[in-house]
Amino acid sequence: MNTSSNNTQTIEPLFQVEAHESAINSIEVSTDENQFYTCANENVIKCWDFDTGKCVATLSKHESFVNSLNIHKGILYSCDIKGVLISWDVMNYHPLTIFKGHEGKVSSFHNRNDLLFSGGVDHTIKLWNTSNGNLIRQYLAHTDQISQLYATIDQKRLFSSSMDSQAILWDVENSQQILTFKGHQNWVLSMAFDEEKQILYTGSNDCTIKSWDTKSGKCIKTYEGHEYAVVQLLLYNNKIYSGSWDGKIGIFSEKKSKGKFISAHAGKVRVIQMQDSYLVSGGTDGKIKVWNLNNESCVSLLEGHSAPISTIKISPSGAILSGSEDRNIIRWPLVSSYSKSRSRSLSLIQQEKEKITRFKKDFVLKGKNVSQTKVVVTINGKRCHVDSNLNVLEACRKSGANVQSLCYHPSLHPLATCKFCVVEIEGIGHSFKKCCSCATPIREGMNIRTDTDLTKESLRKSLLNLTSKIESRNMNLMSEKMGNSNELTDFLQSSNQCFIDNSTQAVTLDLSKCIDCGRCEQVCSRIQGISVFSLEETEGPHQSTLKVNGKSLSDSDCIYCGLCTYYCPSDALSEFDETHIFEQFLTQKNDYHLVVGIDPSLFTTISELYGKELGAITPGQIVKSLRILGFHTIFSLQFSSDIYAIELSTELMKRLNDTQAILPILTSNCVSSVYMIEKLYPSLIPHLSTTKSPNQIFGSVVKSYFAQKLEKSPENIRCVTITPCIANKYQNKLKNIQSENISDVDLSITVREFGKILQNHSIDLRKLEEDSFDPPFSITSSAGCSFSVAGGVLQSTLRCLYESQTRKEFPKLEMNEVFGIPNMTEGTLMMEGRRIKVAVIDGSSSIRTFLNKVQSGNHDFDFVEIMACPGGCIGGGGQPKSKMNILPKRIVCSNQITSKFSIQNPNDNSDVQTLYTDFFKSPSIHISYEYLHTQNFHPIHYSSLKTKKTPQTKRRQINENIPQKNGLLVLYGSQTGDAETVAFRIGEECSFKAKSRVLEMDSFNFASLQHEKTIIFVTSTFWNGSFPENATSFWNHLKSLSPNSLNKLKFAVFGVGDSFYPHFNIAGKLLFKKLSELSQKSLLPLGEGDYRSPNGYLSALIPWIEDLKKVLTKK
């Protein structure tokens, strides 16, 4: 081969994506080339759009690193290093079958028709039933790791190679060895089988290649010349091509033992792949080369990776995808383009790049109508011109044909589970075949029939199946039919409760209504990247059933965004209904002052409840309806959004000026995003802004400043908000966001709940006159309104920051798409010589991709807005349901409404200025911090509502039963969970000989205190300087003791707090002082953990624990 031909081209990539946080192991491409799939040294598989490189889904079922992938008959197969294989439905992104049996890594697997073979480091080969995951038989003879498997086309024979230096031919049916191929002096690493000539080729770590007669088992020829291991073999045009760790590609004819060699790579050849007459090689030098096998010349050099190539995949059409140890995936132009002239080749490449660029532009410009080409099809005998980007279902509907559907939603990937949309499409030989129209793309010349006996029968069966499913699950329906006076009825009614999960008090799951359509699973895993739900295969007529990946929703990874409720067609998933509490408040209007706040996104979306155009119902009409219901004061949440922007801009400036501050600062206005970090990324909590969400700021201001103006006690005010955010329901019930033990917001209802209430009161918004918002917050800005759409928080905050610092008008901020992270844009603001890099991300799946980068330190951002719902609050889970992809239109309408407000800078809002002058004085000082910021964030322990016990509580109860002589005693006082977390960490790290006892202070038997030899105390401080509730009784008892009464006790104290508060760590200081009077045997100086430190309280805790361990081990 010619390695230095003047015709060798350097080709530019079409796109490059940092796909994983570790080296890429394998790439596969779907047969229709719509998607490709990747795995790395991680537990997940990622699915990517083939044309744009955008991540569209994450498959999470493996519990260890995924090391290989394969597509077979449209099904994706994967294996991991713990011996598990999984088959995946790549249409719906959920696992089909799990194959377990290997002990250790699956080192090779092979599909042939309906057979799945796997080989492992446990020396075994297994044959699996692909439908149910059962093991059919094993093949036992090798004595070392299996390196490669190959089943013959007739499925009767199986070849295996192993690191035991031999290959074996097996009889598939009876698991018997037919032949053993012995002759290599070291590991057999690669195989290739010539089906026509029935010759087996093997490559070995002994640097040789051997050919074998598969009838006799004898070695035909040994091919020599390589200087290192032969790791891959390919057959083409009566020649053998080999890739070796000596950096060479070998070319051998069948009859000659000596071959040609080309020094292909500076380092090892890692992989070779073939497409028609082209061979593609990748090496540890990070380069990829394309070779023309007809003239044995290198035609292209593909440079772009910065580390060794680990895998290459050539798609059915010839596109190259490469993966590397640099964690990147690169897509290169079609292999066929490399054979053209240089100018022609570059022209083809440019055309393909321009196509992707156009696609990206259209994808980013939400709400913009993009023209589509037309195709001609026949629907029920009628010739129709339809858009080429439609599926058959949409094309039929647009052409007037009534095709039913239940599982389909235009915003989601087609599921094809309900089978209501079956149509007939003409195939080969003019025969018609059934297909699910939602999952079938429209094509030129299609002949489609929707109203035939076959489609009617299919619809009838689907309806019967649905009815059967509902009746078998819905115990209420059954009990109603039986009457209400027998024991069976009582049992059925009580049993029905097991179908309802209200554990989150935000989202309700009622399995009796579930129809297993799969929408919730798809939106949760594919769009949100959380994977709370899964559809599991079951026996019987219903085929599958919905499962929660946890004991309950509160014990799952759910972040309460509520998008599952938005897409659920049967209300099996819905927001936690609190309309009865709303109605109860209305009956108390003579006893309480009723205040309501309206999220500005309602100005756009509430008209959907009446089938009107977006924005057709005015804010004044919404105000009027609430006045009719009986509310005394009505505000827009725009004013609390203005306050949020002011507080956040001040906080941002402080962090930018602090060289030790943790960046980027992440916005905290989106409750679901905050919960995601607290649940799934607790190490990133210090990145979160401490500013409360606009919803909670509203309640805090109403029950402080506004309560004073009314001369009312906060307890005599009922504060309600109407928002699209279902997570607000959960947040309202948490203690760590309450002020003075009073909830900031008493009740949050969704837009849909508000619609039900209006309907119950026979109030038609369309017919109402307008009314006005009330003082003292009747003036609002465009900034507050812009919070509805992703990017509004960032723009408003930066405007506050820039104009307050420079006294100049805020410049236009150009935001560009971040390639590799969908729905993420980035920009740079220059402010008085300072470069501030910012970003906006909407959709929790994309947020998670970014947070993974932050965890690895792979970023350079200063300020990032994160919104869990696609598009922001305008696409929130509590918005009115729509059968259309309404989000782009909502964004356009919301932006139009925002543009009508004259005040742009929140600092220019005179009502907000008055609030700061009269009450808060200045942003982010003590008073404003007390009311407008959270006291702290903390890792969320599942089931952390006040009515639930945390996992720590369960551990405490277990540890109570451990005799005191068996371990160190750690007592803690904790209000929100941080001190508790610290206590258990100390207990775990200091369990030298036995488990530590970790107890709440108030649960400890105070009378036994004098018998303890060593106690470690951990406490937080309540905002007003008092001890936590679960330490108050202990502290009161301790204060009553006289000096030196505990002179045998050795102790240490660690306090957790926030130095922003004037009473920082006062509880810890008081405890340390009192114990020093009682004992005078302190093991260590007082430890003080500060949330304001670069790594939060961990900055002080980690070295303190190390010192403690040294002291304890010396005792």
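Just so you know, the numbers here start at 1 and follow the chain as drawn.
Quick reminder: no glycine exception, Cβ is built from N, Cα and C everywhere.
Summarising the annotation, TrEMBL assigns domain '2Fe-2S ferredoxin-type' to 373-454.
Under the heading domain '4Fe-4S ferredoxin-type', TrEMBL lists 505-535 (among others). Sequence-distant neighbours of the domain '4Fe-4S ferredoxin-type' (505-535) (same chain, 6+ residues past either end, Cβ-Cβ under 8 Å): 47, 56-60, 92-95, 406-407, 409, 412-413, 415, 417-418, 466, 469-470, 473-476, 496, 499, 542-550, 553, 556-577, 676, 726-727, 729-730, 733, 843-849, 868, 870, 945.
The domain '4Fe-4S ferredoxin-type' feature in TrEMBL is assigned to 550-578 (among others). Listed by sequence, the residues of this chain that lie at least six past the ends of the domain '4Fe-4S ferredoxin-type' (550-578) yet keep a Cβ under 8 A from its Cβ atoms are 406-407, 409, 411-412, 501-515, 517, 519-520, 523-524, 527-528, 530-533, 671-673, 675-676, 679-680, 725-727, 729-730, 747-750, 752-753, 844, 868-870, 876-879, 881, 942-945, 948.
Restricting the average to the domain 'Flavodoxin-like' (968-1109) gives a pLDDT of 86. If you look up TrEMBL, you'll see 968-1109 marked as domain 'Flavodoxin-like'.
The repeat 'WD' annotation in TrEMBL covers 17-58 (among others). Beyond the ends of the repeat 'WD' (17-58), by six or more residues, the same chain brings 64-71, 74, 76, 78, 80, 88, 90, 93, 307, 310-313, 315-317, 319, 321-331, 355-356, 359-360, 363, 413, 525-526, 529, 531, 819-822, 845-846, 848-849, 852-853, 856, 858 to within a C-beta distance below 8 angstroms of the stretch.
Sequence-distant neighbours of the repeat 'WD' (99-138) (same chain, 6+ residues past either end, Cβ-Cβ under 8 Å): 67-68, 70, 72-73, 75, 77, 79-87, 144-153, 155, 158, 160, 162, 164, 170, 172, 175. Here TrEMBL flags 99-138 (among others) as repeat 'WD'.
Distant neighbours of the repeat 'WD' (139-180): 107-110, 112-113, 115, 117-121, 123-127, 186-191, 193, 195, 200, 202, 204, 212, 214, 216-217; these residues of the same chain sit at least 6 beyond its ends, with a Cβ under 8 Å from one of its Cβ atoms. TrEMBL lists 139-180 (among others) with the feature repeat 'WD'.
Sequence annotations record features per position, and here TrEMBL assigns repeat 'WD' to 181-222 (among others). For the repeat 'WD' (181-222), DSSP puts the residue distribution at 0 helix, 24 strand, 18 coil.
Per TrEMBL, the feature repeat 'WD' maps to 262-301 (among others). Shown for the repeat 'WD' (262-301): DSSP residue counts in helix, strand and coil, namely 0 helix, 25 strand, 15 coil.
Long-range contacts of the repeat 'WD' (302-342) within its own chain (CB-CB distance under 8 A, at least 6 residues past either end) are made by residues 7, 9-29, 31, 33, 36, 38, 40, 48, 50, 53, 267-268, 270-271, 273-276, 278, 280, 282-290, 292, 348-349, 352. TrEMBL lists 302-342 (among others) with the feature repeat 'WD'.
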